[in-house]
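Q: Pulled from TrEMBL, these are the listed features:
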| type | residues | note |
| --- | --- | --- |
| DOMAIN | 39-118 | domain 'Manganese/iron superoxide dismutase N-terminal' |
| BINDING | H62, H110, D196, H200 | Mn(2+) binding site |
| DOMAIN | 128-228 | domain 'Manganese/iron superoxide dismutase C-terminal' |
Amino acid sequence: MASTLLRTSPVIRGALRASGAIKPAVGIASTTFVRGKATLPDLKYDYGALEPHISGKIMELHHKKHHQTYVTGLNTALETIAEAESKGDFTKAASVAPLLNFHGGGHLNHSLFWENLAPASREGGGEPSGVLKTAINEDFGSFDTFRKQMNTALAGIQGSGWAWLVKDKQSGTLGLVTRANQDPVTGQYVPLLGIDAWEHAYYLQYENRKAEYFEAIWNVINWKTVGSRFEKA
Ligand SMILES: [Fe+2]
């Protein structure tokens with residue numbers, strides 16, 4: 001299955017494996033033959049732990065229902081492609097590739113997103129520290145300027161999508177990118193902090209006031225995770 005994904009979409013496969021979103025089956029890890037199957041990751045906090053900034057009901061639905069749908073869709077797409085390829089039906093396999101991008105991206109993006117959040121009563125919110133703080137100041141001028149630019153990018157997304165703080169692997173500098181739907185951040189950019197701008201991420205609580213959601217989420221950003229990703233990138 002994983003070898004099929006390797007041939008079909010090396011970018012998606014690499015991103016998923018690097019994030020740990022696809023785990024090798026127990027017993028055959030570290031071999032060249034790996035059966036990858038996506039699973040829903042556990043959260044490191046309770047659904048209600050991000051309140052009042054993100055409601056427990058949103059978190060529960062977002063994780064248990066929406067993310068699970070991407071996990072299921074990814075595994076189904078992988079199985080469909082493997083079956084089509086085994087029959088030599090490459091037209092069928094190719095037709096499923098967009099689903100692999102959508103569900104694979106959805107699984108990857110949400111896996112990164114949950115780790116980007118933390119309860120405000122613990123390490124959530126505030127401002128970054130250390131080398132990440134220095135880099136943000138150098139590349140954006142100040143933390144406040146960065147935050148405003150990120151919110152502007154989020155507000156500018158038409159329909160569904162994500163905004164990301166990324167590190168450019170070539171230049172080593174920070175930047176902001178947006179992605180439509182569930183397109184993952186790939187190539188020269190390493191995703192450090194992603195904010196989900198899909199309606200399912202805020203509508204139950206904020207309805208059409210998405211700017212309020214974009215303001216509130218800064219109270220639960222886990223800068224420790226973002227800093228760690230920056231230093232490893
Ligand atoms: Fe989402």
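Backbone N, Cα and C define each Cβ position, glycine as well.
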Q: Using a Cβ cut-off under 8 Å and a sequence separation of 6 or more, which residues in the same chain sit near H110 (Mn(2+) binding site)?
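A: Those within reach of H110 (Mn(2+) binding site), by Cβ under 8 Å and sequence separation of 6 or more, are H62, H63, H66, H67, Y70, D196.
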Q: As a quick check of your reading of DSSP, tell me how many residues in the domain 'Manganese/iron superoxide dismutase C-terminal' (128-228) are helical, how many are strand and how many are coil.
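A: Per DSSP, the residues of the domain 'Manganese/iron superoxide dismutase C-terminal' (128-228) fall into 48 helix, 25 strand, 28 coil.
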Q: Relative to the Cβ of H200 (Mn(2+) binding site), which residues of the same chain, six or more apart in sequence, are found under 8 Å away?
A: L61, H62, H66
Q: Using DSSP, how many residues of the domain 'Manganese/iron superoxide dismutase N-terminal' (39-118) fall into helix, strand and coil, respectively?
A: 61 helix, 1 strand, 18 coil
Q: Average the per-residue pLDDT over the domain 'Manganese/iron superoxide dismutase C-terminal' (128-228) and send me the rounded value.
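A: Value for the domain 'Manganese/iron superoxide dismutase C-terminal' (128-228), mean pLDDT as a whole number: 97.
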